[in-house]
Amino acid sequence: MRIVFMGTSHFAIPSLKALIASEHEIAGVVSQPDKQRGRGRKVTPTPVKEIAEQYKLELLQTANIKTPESIKRIKQWKPELIIVVSYGQIIPLSILEYPRHGCINVHASLLPRYRGAAPVQRALMDGIKSSGITIMFMDEGLDTGDIIMQEAIAVDDNINHGELEKILADMGADLLLQVVDRLVQGEKLPRVVQDDSQASYAARISKEDEIINWSEPAYAIHNRIRALNPQPGAYSYINGTKVKIFASKVRSEAGSGVIAEVIEVDKNTFQVQTGEGILEVLEIQKAGKKRMPTSEFLKGFTLHPGVLLGSKEG
């Protein structure tokens, strides 16, 4: 099978590597342009570009896949199938309809739930108990195409975004190869129309999403923290110092302190009163410093019960 692969983020890497290791031919790879990242604003290639260059695959990077030049380049590769995994742009109909087997997509949710750019993070914020992978035919909509195959997994209450995304990325690669192999064998793939009445949208994570609101229930804050671990991190302020919290634990007791108040501190951790219940902070990062267990943080940061979190002024 002659394939063009379109992807950008780390989530796409297992699928691309699985195709490289298979007997299928990768005619070309399409990815987003390099971007400035990190505190030093260093120009960094996309993860998919790095793999494409490592295996000496033909590569197209474009900020706009809809330009005549981009479309022409893809058609010159003469793909029989286009595979899209975490690419990041809406693909025009002129590309979607070009390959004789169409375009298929690996999506990190059980569609039609969590259509959009941040399905894993939004699902974790919602405290979902199960998630999964959908392989689908692509159309012009946002994750609205017919479903070929789905597989679900249980989601632990403490798993974070990075951990769950890796599991789903590996699962997606396995399911993708199954689908491509079925195509090669001449099998007609199923097409299950999505029920739009059951759809939900997973919008990109915003700056506002990163802010911890201590008036929320402890479980909701815990879900936000794990949804934003490892990036970008959920944050608050302690005595005017910005801190990101990467791991937490919901305590069983309700608590009777003031919302956002530190109600207990020991050498290993500290506990905060929320709008409903108590949250224990397990891993934290002071601005400009490395992530560390709360026990290490408290060795160099004085914190007493009664301090209120959330104020920039301290």
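Cβ coordinates are placed from backbone N, Cα and C, and glycine is handled just like the others.
Counting only residues at least six positions away in the same chain, the Cβ atoms of T134, M136, D143, I147, Q150, Q194, A199 sit under 8 Å from the Cβ of L111 ((6S)-5,6,7,8-tetrahydrofolate binding site). Taken from Swiss-Prot, the feature (6S)-5,6,7,8-tetrahydrofolate binding site covers S109, L110, L111, P112.
Taking the centroid of the Cβ atoms of S109, L110, L111, P112 as the (6S)-5,6,7,8-tetrahydrofolate site, the other same-chain residues with Cβ within 8 Å of it are H107, R113, Y114, R115, P119, G132, T134, D143, Q150, Q194, A199. In this structure, S109 ((6S)-5,6,7,8-tetrahydrofolate binding site) belongs to neither helix nor strand by DSSP; it is coil.
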